[in-house]
Amino acid sequence: MVLVQQNGGKDGGSDKSLVDFRGKPVDMSRTGGWLAAGLILGTELSERICVMGISMNLVTYLVGFLHLSSAKSANIVTNFMGTLNLLGLLGGFLADAKLGRYLTVAIFASITALGVTLLTFATTISSMRPPPCSNSRKEQCIEANGKQLAMLYTALHTIALGGGGIKSNVSGFGSDQFDPSNPKEEKAMIYFFNRFYFCISLGSLFAVTVLVYIQDNVGRGWGYGISAGTMIIAVAILLCGTPLYRFRKPQGSPLTVLWRVIFLAWKKRTLPYPSHPSLLNEYYTAEVPHTERLRCLDKAAIMDDHAIASEKRDNLWIVSTVTQVEEVKMVLKLIPIWSTCILFWTVYSQMNTFTIEQATFMNRNVGSFVIPSGSFSFFLFITILLFTSLN
């Protein structure tokens, strides 16, 4: 992310893609900096409080109050978190292609607030739960029916939609508040990412201690209601800071380039390769040197008779450039590296499900105080906070 921002803003104050809230060229002396970035960090802090406050203790609600099986409850939680992360692709695409980061964050933060509010109602209204069951291990409890689960699913997937839009844009929007051409601001931008992750861990720590305790000992409605209130306040603060922000105009989504190159390569798959790569479109002006690997994608940059006759070299849906083809090759080469994360996140997801379920069977008494089972991930987040601070 740092490299992207440095390349995108290398001209500093002359960067025409940066504007103020009126759409005029940005005044670097009156916008951006730590004040604007701090307001943006508050949005991410609130998002973490909401998402972690829900996901870390959701399985106990599903098992203990809705009387679902452990396996089904774990699936609901992991599906919720997986959907949230996948929808980050949608949020990133909308911001890059059309809406811009600020508008995307504001809209999806509002959606998150709506989702947590729905969840508060779903866990507070008694008709949304099956009859109480004192001991599910000794008697057959009535599971929640489809109608009762419908509102819960609606709330969770609304939160996932909102969280995905925030997650994919808030760090980039925060880094837009610093000018990489200014050495002082460039250094501050590097610190921003450190503090960004610090806020993520701080919000998670608050969620798994204070919020989880409130959910278990005061009431689910109170715990989720605090999360909803926190998100609403965050949206209000984000909107109040509008005059302070630097806004980067949408430049088009990298996903569009990816799909376009693959589409053109498939469309031109029957064309013969040129006798030399220099015959590919914009070979000599390419910003990335041509490579021979994944050569099948080079066909997207072939100047066929249609493109030459119609003189539509600038139409990106007719022919791609060597630079675009090589950028897509770089992304595809990263897939084997990214795929190694699958097993890690498969194990990591157990922290939200199996670990919490296991904790419910343990003796969690420390004197007269009972540690909530959802708070067992405290050790993970306090460790992250410690090492982030040291870094």
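In case you wondered, yes, glycine gets a Cβ from its N, Cα and C as well.
The shown structure was predicted, so the numbers you read here are calculated from the model rather than taken from an experiment.
Residues of the same chain lying 6 or more positions beyond the ends of the transmembrane segment (49-69) and with a Cβ under 8 Å from any Cβ of it are 76-77, 80-81, 84, 112, 116, 119, 123, 129-130, 133, 136, 141-144, 148-149, 152, 156, 159, 163, 203-204, 206-208, 211-212, 215-216, 220, 223-224, 226-228, 230-231, 352-353, 356-357, 360, 372-374, 377. Per TrEMBL, the feature transmembrane segment maps to 49-69 (among others).
The transmembrane segment annotation in TrEMBL covers 76-95 (among others). Proximity of distant same-chain residues to the transmembrane segment (76-95), defined by a Cβ-Cβ separation under 8 Å and at least 6 residues beyond the stretch ends, is recorded for 51, 54-55, 58-59, 62, 68, 101, 103-105, 108, 156-157, 159-161, 163-169, 172, 250, 253, 255-256, 349, 352-353.
Residues 40, 43, 46-47, 50, 54, 91, 94-95, 128, 151-152, 154-166, 169-170, 172-173, 176, 221, 224-225, 227-228, 231-232, 234-235, 238-239, 242, 245, 247-248 of the same chain sit 6 or more residues outside the transmembrane segment (101-122) yet have a Cβ under 8 Å from a Cβ within it. The transmembrane segment annotation in TrEMBL covers 101-122 (among others).
Same-chain residues lying 6 or more positions outside the transmembrane segment (196-215) and placing a CB less than 8 Å from one of its CB atoms are 41, 44-53, 56-57, 61, 171, 174, 222-224, 226-227, 372, 374-375, 377-378, 381-382, 384-385, 388-389. Positions annotated as transmembrane segment by TrEMBL: 196-215 (among others).
Residues or ranges marked as transmembrane segment in TrEMBL: 221-245 (among others).
The transmembrane segment annotation in TrEMBL covers 330-348 (among others).
Positions annotated as transmembrane segment by TrEMBL: 368-390 (among others).
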Please indicate, using numbers and ranges, the residues of the same chain that are 6 or more beyond the transmembrane segment (221-245) and have a C-beta under 8 Å from a C-beta there. 20-21, 31-32, 35-36, 39-40, 42-43, 45-47, 49-50, 53-54, 57, 102, 105-106, 109-110, 112-113, 116-117, 119-120, 123-124, 173, 176-177, 207, 211-212, 214-215
